[in-house]
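Annotation comment: TrEMBL describes 18-57 as DNA-binding region. Annotation source TrEMBL lists NAD(+) binding site at Gly92, Val93, Gly94, Asn95, Leu96, Gly97. Look at TrEMBL and you will find 81-182 tagged as domain 'CoA-binding'.
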Amino acid sequence: MTPQNKKIPRMSLERLPIYYRTLCNLADAGYLRIKSAQLGRIIHLEATTIRRDFSYFGDLGKSGYGYDIAHLIEIFGTILEVNHTQGLALIGVGNLGRALLINNFRRNPNLEIVAAYDVDPAVIGGIINEVPIQALADLEDDLKAKQIKGVISTVPSHALQEVVDQLVMFGVTSILSFAPEPVHVPESVHVRYLDLTSEVQNLLLLAELS
């Protein structure tokens, strides 16, 4: 990601992968250009939001003509570094961790879990989908050796803070946690939480209210 993108609002950056994936699907279907209103209907966003987001990345479209899909894919793909494999580490190889290793972003070739870590001696030393399972202490040396860009954690809430403290000490700055409880980290460390229970409950609630 280029330095000037640091000034782009966080929500706009978070929508970038959605834009990129949708545009790639449109290109695969044979579409050459698209207007913001059309794209908005596909991804359920206001056209004004899309135009504002796109404006942060330069003059990408023309009034009345719309956006050249191939050009958008090139611009957004460069920002997302889709032509470079982003190595990830997995912490916690229980049932969820095993499922993540088996899938291993097979529909996203630029993302790959390259190493997995656990504290259970019965698990350490195993291999799942060609990914070795190592002791958590090995992560510090692997960060540079395996060019690990971020960490996915399936560690339960009661043990998460201790693990995150270690990750921060090792120099990790990007963490995705499947535990719902927030942890304390320095401002330079980015943590996202994916609470499957809350997501399902929200989905069912929306269905009830609609």
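Residue positions begin at 1 at the first shown residue.
Cβ from N, Cα, C; glycine included.
Highlighted in sequence order, Arg98, Ala99, Leu100, Asp118, Thr154 have their Cβ within 8 Å of the centre of the Cβ atoms of Gly92, Val93, Gly94, Asn95, Leu96, Gly97, the residues recorded for NAD(+), and are not part of that set. Broken down by DSSP into helix, strand and coil, the domain 'CoA-binding' (81-182) contains 33 helix, 31 strand, 38 coil. Of the listed binding-site residues, namely Gly92, Gly94, the sparsest Cβ surroundings within 10 Å are found at Gly94. Sequence-distant contacts of the DNA-binding region (18-57) (same chain, at least 6 residues past either end, Cβ-Cβ under 8 Å): 5, 8-9, 12, 65-70, 72-73, 75-77, 79-80, 82. If you count neighbouring Cβ atoms within 10 Å for each of the binding-site residues Val93, Leu96, the highest count belongs to Val93. Around Gly97 (NAD(+) binding site), taking its Cβ as the centre, 24 other Cβ atoms fall within 10 Å, counting all chains. Non-local contacts of Asn95 (NAD(+) binding site) by the CB criterion (under 8 A, 6+ apart in sequence, same chain) are absent.
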